[in-house]
Amino acid sequence: MASSPQVHPYKKHLMQSQHINFDNRGLQFQNSSLKVGQDFSDNKENRENRDNEDFSTADLPKRSANQPLINEHLRAASVPLLSNDIGNSQEEDFVPVPPPQLHLNNSNNTSLSSLGSTPTNSPSPGALRQTNSSTSLTKEQIKKRTRSVDLSHMYLLNGSSDTQLTATNESVADLSHQMISRYLGGKNNTSLVPRLKTIEMYRQNVKKSKDPEVLFQYAQYMLQTALTIESSNALVQDSDKEGNVSQSDLKLQFLKEAQSYLKKLSIKGYSDAQYLLADGYSSGAFGKIENKEAFVLFQAAAKHGHIESAYRASHCLEEGLGTTRDSRKSVNFLKFAASRNHPSAMYKLGLYSFYGRMGLPTDVNTKLNGVKWLSRAAARANELTAAAPYELAKIYHEGFLDVVIPDEKYAMELYIQAASLGHVPSATLLAQIYETGNDTVGQDTSLSVHYYTQAALKGDSVAMLGLCAWYLLGAEPAFEKDENEAFQWALRAANAGLPKAQFTLGYFYEHGKGCDRNMEYAWKWYEKAAGNEDKRAINKLRSRDGGLASIGKKQHKKNKSISTLNLFSTVDSQTSNVGSNSRVSSKSETFFTGNPKRDREPQGLQINMNSNTNRNGIKTGSDTSIRKSSSSAKGMSREVAEQSMAAKQEVSLSNMGSSNMIRKDFPAVKTESKKPTSLKNKKDKQGKKKKDCVIM
């Protein structure tokens, strides 16, 4: 017979454990069992070979030409039968165990050629001899597999004879429950009945073992099972106890059992159990979050060399979870984990070293070490540390002193690596680069749309708006212009809170792009964008509410007040050119004839100035003008009042200039001002001080 493809090892193990024979017509099962002490016609040499056979890699036995088609089952104490028909079995040779009720569909027969041929020296079913309390595995095989519990009952055989292995201890997802539900229905509560029997058999075998690895795997399995059970009041029939039990009570029972085993192992210093128990405390898997207990266990496991626990302890010290913040200790745990190639620890240590965080120095050597740690993290980057190549790409894109030379080509490679690992900012940045092109890569519409789509599907609002722009303009040959699709992406980005997208959506509603024209919705989105400080939306609302007109009035009023200040200086400059106070007064009176309210203040200002000059000969009337200006500013607005105070200063300066002009035109007054210098009269001294103050 020609050789056929190799049989899957799990399938071989299942077939050997169940003593299934095949012929060319297909797979047939018979529900009968052999006696343990049955004598087979095999020679001694073959019997010795069979005793040392590793059944995980064994081949299926050949059926001789005269051998009848008989399928025999030999089960261990922990291996259930695949059928319920045990009428012809001899129960006195083994302990019966109630199996799960599985209805297998064997209508699709599989030929022997599809399962593979077997050599002539393969072991016969008689080599599988068992006792009532042991399985067919030897002690050496147990050490190889690192399991002392036979979990072959977790293998299921579907209608196509394909063997599926459930990862009972390796994976969080409980695949066995999914497989059983396939036959019994996902919404059928009785699907837990065979599962509970399986768990009970697993529990009884674990109680006989003192191996910490076995106990830990059982606790892990119970924890995973409890987390996959839905918390509901649906009743499940328990075969071991009278009555029914709800799924919520069953979940609590499994959680307590898992927690009990993990606590016992943690006390003995088993680091894996310490980490799993701490993770359950920190995540609230056991009912509530207990960060303090979690930190103690993380720290204890880290001291035993558990790398993940060291990283988690560093995080607790950094964030103050269950303990006080301590940057120095956090960095020490981080260095321990990073030195053992923990990707997240290498990434964080590189980031902190380059940017000088967590109390690390900011010298060049520390920054260079940060670049090295980021490079190591990028080389081992995964989906959880996809930001490592992104941060390293930013450094190589900009460069750093003479240590890191800018390399845009290498930066692009790092951006692509980060985007391939699912890093959203890298995908958005690549889309923007390919949209316009740069010195390293040219414009590529297809790649731009690809990266925009990748980031948009993960919720990036900037990428959504980028796709909106492409659909609004068209991105051939990828796709043609589609305003409806552009509107949908703008709507998603606006709902995500992007101000530009909110303004864009308002524009679409206003002009009917991809939707019906609706001004009410348009102004609604304009208001949202303005609330998020979008300048275009703010200007849009001002134009609607007449804000521009009110701003124009305020600006016009401000200009008039400024021109009023210029008028004061104009009047004073004219008085200095003419050289007489009377001409200044007449000039100001003729200039303000148009507005009586405005004429009052300058006229009173000049009249008081003239009267004071004639009376004292020295004082220019600046104090009176200031009082007049301050009294007139009471009815003005706050803005005009501030401008009037500036006007007062210019008026006083212009009056000081006019006082010099007065002293030149009237020499008699000038000579009289010098006489008090030789007198000892207090009044004359006060007049001299006033005169000096005005001149200064």
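Numbers here mean position along the shown chain, with the first residue as 1.
Backbone N, Cα and C define each Cβ position, glycine as well.
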Residue carrying phosphoserine as stated in Swiss-Prot, selected out of S89, S209, S561: S561
Listed as phosphoserine by Swiss-Prot, one of S148, S246, S580: S148
S260, S448, S563, S569 - residue that Swiss-Prot labels as phosphoserine: S563
The repeat 'Sel1-like 2' (307-342) [mean pLDDT, rounded to integer]: 94
Outside the repeat 'Sel1-like 7' (499-534), six or more residues from its ends: residues with CB under 8 Å to it: 461, 464-465, 468, 472, 483-488, 490-491, 493, 540-541, 544
Same-chain residues near the repeat 'Sel1-like 4' (386-423), Cβ under 8 Å, at least 6 residues beyond its ends: 343, 346-347, 350-351, 354, 364, 367-368, 371, 374-375, 377-378, 429-430, 433, 438-441, 451, 454, 458
Residues of the parent chain within Cβ reach of the repeat 'Sel1-like 3' (343-382), under 8 Å, 6 or more residues beyond its termini: 310-311, 314, 318, 327-328, 330-331, 334-335, 337, 388-389, 391-392, 395, 400-401, 403-404, 414, 417-418, 421
Long-range neighbours of the repeat 'Sel1-like 5' (424-460), counting only residues six or more past its ends (CB under 8 A): 386, 389-390, 393, 408-409, 412, 415-416, 418, 466-467, 470, 475-479, 489, 492, 496
Helix, strand and coil counts within the repeat 'Sel1-like 2' (307-342) (DSSP): 25 helix, 0 strand, 11 coil
Secondary structure content, the repeat 'Sel1-like 7' (499-534) (per DSSP, counts of residues): 26 helix, 0 strand, 10 coil
